[in-house]
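Taken straight from Swiss-Prot:
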ACT_SITE  Cys378  active site, nucleophile
ACT_SITE  His514  active site
ACT_SITE  Glu516  active site
BINDING   Ser13, Lys186, Thr187, Lys188, Pro189, Thr190, Gln191, Lys222  UTP binding site
BINDING   Ser13, Asp146, Ile147, Glu148, Lys186, Thr187, Lys188, Pro189, Thr190, Gln191, Lys222  CTP binding site
BINDING   Ser14, Leu15, Gly16, Lys17, Gly18, Ile19, Asp71  ATP binding site
BINDING   Asp71, Glu139  Mg(2+) binding site
BINDING   Gly351, Leu379, Gly380, Met381, Gln382, Glu402, Arg469  L-glutamine binding site
DOMAIN    290-541  domain 'Glutamine amidotransferase type-1'
REGION    1-265  region 'Amidoligase domain'
Amino acid sequence: MTRYIFITGGVVSSLGKGITSASLGAILEAQGLTVTLLKLDPYINVDPGTMSPFQHGEVFVTEDGAETDLDLGHYERFVNATMTRKNNFTTGRVYADVIRKERRGDYLGGTIQVIPHITDEIKVKIREGADGADVALVEVGGTVGDIESLPFLEAIRQMRIELGDQQTLFIHLTLVPYVAVAGEIKTKPTQHSVKELRSIGIQPDILVCRSEQPLPDAERAKIALFTNVPEPSVISLSDVKSIYEIPLILRDQGLGNRVCEKLNIKATAADLDDWKKVVQAQKNPRHTVTVAVVGKYVDLEDSYKSLSEALIHAGIHTQTRVVIEYIDSEAIELHGTELLKKVDAILVPGGFGSRGIEGKILAAQYARENGIPYLGICLGMQIAIIEFARHKAQMENANSTEFDPKTPFPVVALVSEWMAKEGIIEKRKWGDDLGGTMRLGGQPCRLKIDSLARRLYGEDRVIERHRHRYEVNNDLIGELEKKGLVISGRSIDDRLVEMIELADHPWFVGCQFHPEFTSTPRKGHPLFIGFIKAGLAAKEAKKAVLAAPSQEKTD
């Protein structure tokens, strides 16, 4: 029997419902339970795949090829479960499926309404996503009081009635602000948020109160009194330097035990020693390395959320504080590579469109010519190919057909056909819809013997997640290989280039996939760990060169 924990948010958005949900999931998992997490998004887009990163942040890709909310990235980084397309759905997806059923005649001519048809569809999708788990944590996007969230809130209200309070639990996350002018903590916003939730028919069982500093006991008692929530169920969650501390903070306040008690679950004590090790390693680095992330969405760091976390994970596993310098590629076009002079390593992430492309190419050229560690991810690998073709293979004006359809040397072109993991042949052509038509999800990759990639992974075949519709042009690969480009990874059917390296460079790697999606704080990822180690080595080499003249003078 699956138990359901519904997590809602009040007062303001961006309080951290996703991280709180994931942290509770980590606690329950440590107590011996199988856990899954769902994210319900109230926007009308079918999925976030075609949304601007500036509006939505990162699009997280699941193993089965779904383009989902970035919170699913938090879920996978905190719990061992692998998310699927069933773990995230939107209002748009719900309405699309209901309308499809209506057109098919499934409702026998009935009038289609929000209640019961939309709410019933939401409940069906929640149950499908939760299937097989001991506990399903269901995060409802948006803020209580938003019109968009009402069908989701009504659906979970109905699930409480249908399943009872031994199988369902409501957790409400609110803001408890500190007003500096008055020198007081204000509980009134939380009181009103709970009042709004109760007017919908939902009484929260547990409150998680977000604040700058830990809540005093007197304020917790006051909140409990005015919200009808028992005082032990009012949890204080103040700001922390590392999100990986949160499972420990919530565990120490007894949140996992309270949940198990209310849901009548017999569970063991939560052993979070691995999280303690993660936090200790992050707080006590022995080295520092500076990484330039050269992109076009740098004004919103959530656009590269999994990427920044993967670099932090690599730092944890190399005892290194990773300083991330986000550099707009258009700024490099304007001011040149002087912006890269002080960094120890360069990373060019994925992206779409022609804006800022030449700045990324300059960054790749700077890394190649100066022996600086380079990691190109997805578009970043394609950028490295274009730069190499132009400046090493004498292919003047080489480009991707995404940016220049008439380029004389189309070293990167549209992927028209590939074999999916299940052996199914997928096909695409110009003019297809943008949504959901890329090469998506986990795909197997065969690594070249004696390559850097093979040494980093320690195996000859890996599965990594993809999100792209352009690939390296096989017709021109031979010419590039003659000039020193190493194809270190290929798709299992040998049709697509998955990884590249440079034989005469200390550490230069490109991958068509997104390794950041499978990096976790407890395990890291071999490519990022290798990248940070290379950055440290480059930093030490630079220091040695700078120290050499002064040593000669001393002698």
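Cβ atoms are placed via backbone N, Cα and C, with glycine included.
Summary: among the binding-site residues (Ser14, Gln191), the fewest other C-beta atoms within 10 A of the C-beta are counted at Ser14. By the criterion of other Cβ atoms within 10 Å of the residue's own Cβ, the least surrounded of the binding-site residues Asp71, Glu402 is Glu402.
Comparing His514 (active site) with Gly18 (ATP binding site), their Cα atoms are 21 Å apart once rounded. Between the two most distant C-alpha atoms of the annotated L-glutamine binders (Gly351, Leu379, Gly380, Met381, Gln382, Glu402, Arg469) there are 14 Å. Spatially, by CA atoms, the recorded positions Ser14, Lys186, Pro189, Lys222, Glu516 include one closest to Met381 (L-glutamine binding site), and that is Glu516. Between the CA atoms of Thr190 (UTP binding site) and Leu15 (ATP binding site) there is a gap of 13 Å, rounded to the nearest whole number.
Within the group of recorded positions (Lys17, Lys188, Lys222, Arg469, His514), the Cβ with the highest number of other Cβ atoms inside 10 Å belongs to Lys17. On a Cα basis, Ile147 (CTP binding site) lies 17 Å away from Ser14 (ATP binding site). Counting only same-chain residues six or more apart in sequence, the Cβ atoms lying under 8 angstroms from the Cβ of Leu379 (L-glutamine binding site) belong to Val348, Pro349, Gly350, Gly351, Phe352, Lys360, His468. Counting only same-chain residues at least 6 apart in sequence, those with a Cβ under 8 Å from the Cβ of Ser13 (UTP binding site) are Gly142, Thr143.
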